[in-house]
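A.B. asks: Before I ask anything, let me first share the structure, which is written out below as structure tokens.
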Amino acid sequence: MTPGAWKFLASVRLAIALLIIIIILAIIGTLIPQEQEADFYRQHLPRSSALILFLNLDHLYRSPLFLSLVFLFLLNLLFCALQQLPARFRRLRIQEEPITGTGSEVPEPRDRSRLERWLGDDLPRLETIFRKRRYRVRLVTTEQKKVFLARKGLLGLFGPELVHLGLIVIIAGGLISAIFSQRISIALVEGQTEKIPGQNFLLRLDRFTTEYYPDGSVRDWKSLVSVLENGQVRLRKTIEVNHPLKYGRLSFFQMSYGQDWDQTSLELEIGWPEGGLQTIRIKTGESINLENGARLKALSFIPDFQVDSRGQAYSRSPEAINPAALVEMVEGDRQVFLGWVFFGHPDHNRYQRQTLPGLKINLKSFSAPTFSVLEASSDPGANLVWVGSGLLLLGLLASFYLPYREVRLGQRAGTHPVLLTYARKNREGFRQEVSNLLGLAGKKELKDKTDE
């Protein structure tokens with residue numbers, strides 16, 4: 001890689017620009033409804049629908065544009081971290097020269113003699129002083145030089161790099177999840193078995209129950225399910241909110257429930273012109289031959305009846321707010337009744353057509369099997385996100401509570417001793433602390449080592 005490309009990928013300006021663009025896109029993703037059909041955007045956002053669909057802003061967080069920007073930001077963090085690591089590792093090594101960085105002025109005579117004593121007869125006491133303060137002490141002595149090195153907070157030296165690494169791992173996990181994660185919604189009625197796409201097992205709903213609070217609001221949904229593989233029950237467990245079933249790479253969550261209105265059972269009351277009443281139980285889609293030779297058919301059921309501007313009936317919601325059934329009665333080849341009958345509104349005949357005077361059909365009751373809605377999801381990047389979060393937390397703790405500090409006292413043969421200090425935080429305060437600790441008169445000889 002060329003130096004120019006490396007410099008570009010590791011630049012702070014690139015990081016700031018990418019963050020601004022990503023934040024703007026995230027705001028746009030909040031304002032634009034996600035995961036809708038194309039017609040939704042053409043109807044509600046006609047002026048910008050073409051751009052939304054072209055840039056995949058309807059699936060923003062999985063769009064090539066967003067993922068490319070996040071990947072570029074990941075590379076930026078990686079190159080920033082790699083750029084700093086060599087200097088951190090160089091600092092960990094004992095250097096051949098006791099004097100590094102800036103500041104090679106000769107100490108004042110009194111402090112010079114004091115430092116020489118610390119490197120001479122008082123060296124054991126110097127080691128004890130720093131060891132008591134939890135420094136790691138190391139001494140290098142040759143005929144040409146003597147170097148005393150005390151360090152602590154080694155983890156804090158790499159605190160920012162750990163933060164960078166944590167962010168890199170989190171973003172990598174997020175990218176993997178965005179590209180390879182799987183989410184499947186499954187609706188099952190009791191006794192129904194469903195093949196899970198892409199898997200070699202089936203899921204069967206054995207029982208579904210709804211628990212309520214005393215005030216009538218829903219407390220919990222519970223789905224007792226069985227995992228079937230090769231015709232055998234491999235696992236049986238009750239899934240409820242916040243208690244998923246985990247099998248293989250998938251986790252099954254309880255999402256919601258509903259009624260299967262396509263399988264509604266109806267109780268119809270027929271009032272004949274002669275004055276008699278007859279109660280019929282029939283399912284949606286079925287037809288029944290009546291005793292008088294007529295044929296009754298339940299064509300459809302809508303839980304919340306409404307008519308649109310084109311005169312087409314539809315359901316405003318899945319709740320049974322305004323239930324209605326479409327019923328047809330035929331005598332021979334003649335249709336004698338066709339229309340919607342409403343539960344709770346037996347006299348509402350606006351949407352009915354009949355040719356047999358005095359015939360009346362009422363919807364007395366209805367029931368539909370309850371289905372449980374489960375979500376099967378796999379998130380291959382989740383573990384990476386957890387690992388990255390741990391590294392991020394460790395890096396923050398190390399940076400704030402385990403700051404790196406280093407004291408290096410060295411002398412070459414025939415030269416004056418020099419004391420160098422390094423701290424990632426509060427360098428001036430650390431120099432003063434070491435000066436007081438060693439009983440020095442001034443701070444002139446305390447040189448702050450520049451970061452390498």
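Every residue, even glycine, has its Cβ placed from backbone N, Cα and C.
Grabbed the feature section from TrEMBL, which reads as follows:
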- 12-32: transmembrane segment (TRANSMEM)
- 12-434: domain 'ResB-like' (DOMAIN)
- 65-85: transmembrane segment (TRANSMEM)
- 154-180: transmembrane segment (TRANSMEM)
- 384-402: transmembrane segment (TRANSMEM)
A.B. asks: Should anything in the same chain at least six residues away from the transmembrane segment (154-180) have a Cβ under 8 Å from its Cβ atoms, list it; otherwise answer none.
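C.D. replies: Beyond its ends, the transmembrane segment (154-180) has Cβ neighbours at 61-62, 67, 70-71, 73-74, 77-78, 80-81, 84-85, 88, 91-92, 136, 379-385, 387-396, 398-404, 424.
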A.B. asks: Are there residues at least 6 beyond the ends of the transmembrane segment (384-402) whose Cβ is under 8 Å from a Cβ of it, and what are they?
C.D. replies: 153, 155-156, 158-174, 176-177, 424
A.B. asks: Determine the mean pLDDT over the domain 'ResB-like' (12-434), rounding to the nearest whole number.
C.D. replies: 88
